[in-house]
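Single-structure report; data block below.
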Amino acid sequence: LFIIIIIIIIIIIIIIISSAASRSGRLDCVKASEQCLKEYSCSAKYRTMRQCVAGRESNFSAVTGPEAQGECRSAIDAMKQSPLYNCRCRRGMKKEKNCLRIFWSIFQSLQGNDLLEYSPYEPVNSRLSEIFRLAPIIAVEPASTKENNCLNAAKACNLNDTCKKYRSAYINPCTSRVSASEVCNKRKCHKALRQFFDKVPTKYSYGMLFCSCPAGDQTACAERRRQTIVPVCSYEDKDKPNCLALQSSCKTNYICRSRLADFISNCQPEPRSISGCLRENYADCLLSYTGLIGTVMTPNYVRALGISLSPWCNCSSSGNSKPDCDKFAAFFTNNRCLRNAIQAFGNGTDVGVWQPQPPIQPTVVEFSINRRGKEQTSNSLDALTQMTKLHSDGDSLYHICGTLQVRDFNVKCFKRWSFYVKKQAASSFLAYNTVIITQN
């Protein structure tokens with residue numbers, strides 16, 4: 001009987017795994033490429049498509065004729081029926097760079113552009129609450145307490161073998177002067193930092209990078225947090241480049257380009273969302289943010305107190321591109337989704353804690369997808385604007401409910417507000433009543 005039960009359990013596990021695989025229907029791009037190359041018809045079309053891409057990039061006349069263009073279109077259509085069409089990569093995977101190279105070659109062929117709105121990485125869809133359950137070292141008290149969470153996180157890292165190992169691995173190259181003119185080997189420093197955030201459990205790496213600071217020790221605590229990535233090597237440089245020039249430089253590197261696309265996809269702000277995020281997922285936003293660390297687009301806290309982040313760039317000398325530059329820079333410096341995600345981690349809360357209704361479902365991005373966010377239809381959420389006006393810094397409900405120190409009050413506040421948004425009340429009286437109820 002025991003053996004029969006074991007066999008049944010194994011069969012159930014196999015069915016669950018196979019069904020999950022069939023739902024995703026995706027291979028990583030390296031395996032998809034290998035599978036395609038084993039099939040003659042797919043292999044031939046794949047080679048033709050790559051020749052078309054290479055010829056288009058070099059303006060080669062052989063691919064501009066009507067006959068050649070027809071072959072290119074035929075090859076691209078064939079790729080849409082192959083495993084390569086839907087392939088993705090995993091951050092930190094073996095052969096990650098090769099996987100990303102394949103993804104972008106397919107993407108540019110099928111999409112015809114090099115936009116950074118589509119992530120090449122397989123969605124993780126994790127939750128901050130999963131990190132909290134595994135992370136007793138992360139204090140869930142508000143930042144107003146006297147506890148220095150950043151110092152505690154550094155101590156916890158030193159007590160964990162994996163965290164200590166990879167932290168030492170980046171401290172050494174990031175602090176070793178190479179010559180009189182070079183403070184470090186930035187390339188080695190960046191590589192070691194990527195390994196740290198890819199290999200170390202997030203409860204330790206996030207604890208150091210996104211820790212909250214007590215009100216009585218803001219300066220020293222914030223500086224400790226800022227120094228986590230050794231910014232004198234990994235972040236700062238002699239001159240600050242233009243942000244659009246830095247973006248262009250990032251796009252020439254498969255790792256940087258992919259991490260930036262992942263960040264833009266997962267940290268997309270949404271003013272109509274209570275959390276401030278289009279995808280309603282703080283954990284994925286923080287994961288994609290840390291993915292940028294160790295690239296030329298490495299972001300960090302600026303010296304001012306509070307949560308203010310930016311890559312090492314500015315928008316001077318932008319000329320006619322100044323609006324585009326400001327918009328790109330603001331995605332870091334004034335990103336409500338990212339800011340709320342960091343605050344949520346520091347305070348020990350998550351989207352799921354206070355949002356009872358189903359979140360905005362992030363659709364898996366396919367190559368034929370339209371730009372999301374630019375076709376959103378308006379709805380009757382004017383009441384949200386009324387609530388936003390109750391707080392001057394624009395963070396609206398997060399701060400209103402977040403200022404209540406008791407966790408149960410937070411939950412009541414957000415549940416009441418969710419009901420309010422769902423019914424789309426025209427009056428601001430209920431919004432006022434929301435705050436009053438949570439305090440009673």
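Each Cβ is built from the backbone N, Cα and C atoms, and glycine gets one as well.
Curation plays no part in TrEMBL annotations; they are all automatic predictions.
Fair warning: this is a prediction, and the values are worked out from it, not measured in the lab.
The transmembrane segment annotation in TrEMBL covers 5-22.
Here TrEMBL flags 29-111 (among others) as domain 'GDNF/GAS1'. For the domain 'GDNF/GAS1' (29-111), the mean pLDDT of the prediction comes to 81.
Residues or ranges marked as disulfide bond by TrEMBL: Cys36-Cys42 (among others). Secondary structure from DSSP puts Cys36 (disulfide bond) in a helix. Taking Cβ-Cβ distances under 8 Å and a sequence gap of 6 or more within the same chain, the neighbours of Cys36 (disulfide bond) are Cys42, Ser43, Tyr46, Ser82, Pro83, Leu84.
Within 10 Å of the C-beta of Cys150 (disulfide bond) there are 27 other C-beta atoms, taking all protein chains into account. As annotated by TrEMBL, disulfide bond applies to Cys150-Cys211 (among others).
Positions annotated as domain 'GDNF/GAS1' by TrEMBL: 150-233 (among others). DSSP places the residues of the domain 'GDNF/GAS1' (150-233) in helix, strand and coil in these numbers: 65 helix, 0 strand, 19 coil.
Annotation for Cys157 (disulfide bond): same-chain Cβ neighbours under 8 Å, separated by at least 6 residues, are Cys163, Lys164, Arg167, Val200, Tyr204, Ser205, Gly207, Met208. Per TrEMBL, the feature disulfide bond maps to Cys157-Cys163 (among others).
Sequence-distant neighbours of Cys174 (disulfide bond) (same chain, 6+ residues apart, CB-CB distance under 8 A): Cys184, Cys189, Ala192, Leu193, Ile229, Val230, Cys233, Ser234. Under the heading disulfide bond, TrEMBL lists Cys174-Cys189 (among others).
The annotation disulfide bond is assigned in TrEMBL to Cys184-Cys233 (among others).
All protein chains shown were included, and the count of other CB atoms within 10 Å of the CB of Cys213 (disulfide bond) stands at 25. Positions annotated as disulfide bond by TrEMBL: Cys213-Cys221 (among others).
Annotation for Cys313 (disulfide bond): spatial neighbours Lys240, Pro241, Asn242, Cys243, Ala245, Leu246, Ala329, criterion Cβ-Cβ under 8 Å with sequence separation of six or more. What TrEMBL records for Cys243-Cys313 (among others) is disulfide bond.
The domain 'GDNF/GAS1' feature in TrEMBL is assigned to 243-337 (among others).
In sequence order, Ser249, Cys250, Leu292, Thr295, Val296, Met297 are the residues near Cys256 (disulfide bond), counting only same-chain partners six or more apart with C-beta under 8 A. Positions annotated as disulfide bond by TrEMBL: Cys250-Cys256 (among others).
Under the DSSP three-state reduction, Cys285 (disulfide bond) is assigned to helix. Here TrEMBL flags Cys267-Cys285 (among others) as disulfide bond.
Feature annotation from TrEMBL assigns disulfide bond to Cys277-Cys337 (among others). Counting every protein chain shown, 26 other Cβ atoms lie within 10 Å of the Cβ of Cys277 (disulfide bond).
Under DSSP, Cys315 (disulfide bond) is assigned to coil, being neither helix nor strand in the three-state scheme. The disulfide bond annotation in TrEMBL covers Cys315-Cys325 (among others).
The N-linked glycosylation site annotation in TrEMBL covers Asn347.
If you check the recorded positions Cys150, Cys211, Cys267, Cys285, Cys325, Asn347 against Cys277 (disulfide bond), the ones with a Cα inside 10 Å of its Cα are Cys267, Cys285. Ranked by Cα separation from Cys213 (disulfide bond), the disulfide-bonded residues Cys150, Cys285, Cys325, Cys337 are led by Cys150.
Of the recorded residues, Cys267 (disulfide bond) and Cys337 (disulfide bond) place their C-alpha atoms 6 Å from one another. In the structure shown, the C-beta of Cys221 has more C-beta neighbours within 10 angstroms than that of any other entry among the disulfide-bonded residues Cys184, Cys221. Cys211 (disulfide bond) sits 9 Å from Asn347 (N-linked glycosylation site), counting Cα to Cα.
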